[in-house]
Amino acid sequence: MEENLERTESLAREADDCHPIFRIAPSTVEFNKLRKRLLRHIRQAFDDFSMLSSGKKWLVALSGGKDSYGLLALLLDLKWRGLLPVEILACNLDQGQPGFPKHILPDFLNSYQIPHRIEYQDTYSIVTDKLVHTQTYCSLCSRLRRGNLYRIAREEGCSALVLGHHRDDVLETFFMNLFHGGRLAAMPGKLINDEGDLFVLRPLVYAAEEDMEKFSQAMQFPIIPCNLCGSQDGLQRNAMKEMLKDIERKMPGRKDTMIRALTNVRPSHLLDKKFFDFKNLF
């Protein structure tokens, strides 16, 4: 009894040391372990991809989904603890989707005094005008969104755009490229855009989607569903997601093994002559 009381008091003290966004988080051992695990994954990505050398001001994309909310909260936590020496600017791009609740994100960000910018660009009409209803919108929508986020990052003097893609997104993209694109490619933890003036960072590349889902529910984020792409059936990414779920169900731990494989590439054991000089192999 006394030991449990001490543990509860310890968790309460630790909660007081967190960013204000965590003040409604549960004071439980389970949540504390989850938060620490996610922070550990992020710090590992920082180290593996030298993310902290990516400038002093980051634009963190906030869609209103579980992953971007979670990423923002965890980055703010690290900054609060003095472990992330960068300025953070949250940014939501309102793409003109019908029924998009315009008040939710500003209210959320203002309630915690989080620096932010809300930008309106009607890319929804562009996507629906250019594509017939049988085509998937995700690719074009993503390109338009990314272009606008690059512009905003430049206008705000940011050196990096930070995105909320997690481990499962990386694996789904890898298999989409493998099955449908005929190439070995996934999502890097860090890259430079085509213009060469902005970094793109993905601090959640080692974080499991399941953990992000649990974290989001515990934090009670006001989630905004994607009415544009979520209403379409038969998307390739959904098929990859279900395939990976089935693999993980039958062989637990395979997703982590796959991520390790993406960090352990042997060009000499593949068939791409651009990356290994087979001709001069004697």
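Positions of Cβ are set from backbone N, Cα and C atoms, glycine also.
Taken straight from Swiss-Prot:
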MOTIF     63-68  motif 'PP-loop motif'
BINDING   Cys138, Cys141, Cys229  [4Fe-4S] cluster binding site
For Cys141 ([4Fe-4S] cluster binding site), list the number of other Cβ atoms lying within 10 Å of its Cβ atom.
-> 21
Cβ-Cβ neighbours of Cys138 ([4Fe-4S] cluster binding site) (radius 10 Å) = 17
Could you give me the DSSP helix, strand and coil counts for the motif 'PP-loop motif' (63-68)?
-> 3 helix, 0 strand, 3 coil
What three-state class does DSSP give Cys141 ([4Fe-4S] cluster binding site)?
-> helix
